[in-house]
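Below: one structure, written as structure tokens.
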């Protein structure tokens, strides 16, 4: 049996990354965990985000995944480097791929980033952007109302438009030509965001993250070559039917393999740690 790629997120937003991986790598099986019961992660203390993320990682390791994608910007900012240091499988985050894409696209070297409170407070995007181009100007804005909006299924219409317009008001007239959606929930609001910022190029990290996953699989000779069609499994700490409906209606991900799970307490991950 082929070893799957593991993907984790604070909820359903990581499906925007999962769908892009499924599109670019159709032979690769995926195991996805979305922690909708404890979403959003953005306002939570760092140690809580760390604990929740490691619980999901532990569950993925019991699924014998060959790679982990942290498809949550808040969790990427908190856990990515320590996960890479401690695990013996590749771990991919979503921050640097988004930063690379923004630098490539921006013509005036002026980029804005919107994200959760935790992601913006971490300065992870600013550091990633400056590591690529130290002269790029960066605007950052937390938009804490976006994730709850998406999780409740309000991605268009008057309510979504009003929340997005009010949240983005501080960025109006700032002079940037490129906007990074620094949360994997936000691409589901992309049409509404683009309507508020019509002259700005909007970047989501899913496509670039999928490219990095593909490159790492080939580099480590882990890419699936024989399977005709991949089988995917999805887990949520929330309500399985709601997850299934949102995945189908928003991202055209149709699956009967959605199960509700409970994550509580640290899971034994030591067996997969790198030997000292």
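Backbone N, Cα and C atoms are what each Cβ position is placed from, and that goes for glycine too.
Database features (Swiss-Prot):
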BINDING   9, 10, 41, 42, 73, 74, 184, 185  substrate binding site
ACT_SITE  72  active site, proton donor/acceptor
ACT_SITE  183  active site, proton donor/acceptor
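The CA atom of residue 73 (substrate binding site) is located 5 Å away from the CA atom of residue 183 (active site, proton donor/acceptor). Within 8 Å of the centroid defined by the CB atoms of 9, 10, 41, 42, 73, 74, 184, 185, the record's substrate site, lie the Cβ atoms of 11, 13, 14, 39, 40, 72, 75, 116, 119, 147, 183, excluding the listed residues themselves. For the pair residue 183 (active site, proton donor/acceptor) and residue 72 (active site, proton donor/acceptor), the Cα-Cα distance reads 7 Å. Proximity of residue 184 (substrate binding site) to non-local residues of its own chain (separation of 6 or more, Cβ distance below 8 Å) is seen for 9, 13, 14, 16, 17, 71, 72, 73, 94, 204, 205, 206, given in sequence order. Following the DSSP three-state reduction, the secondary structure of residue 73 (substrate binding site) is helix. Residues listed for substrate, 9, 10, 41, 42, 73, 74, 184, 185, cover a largest CA to CA span of 12 Å.
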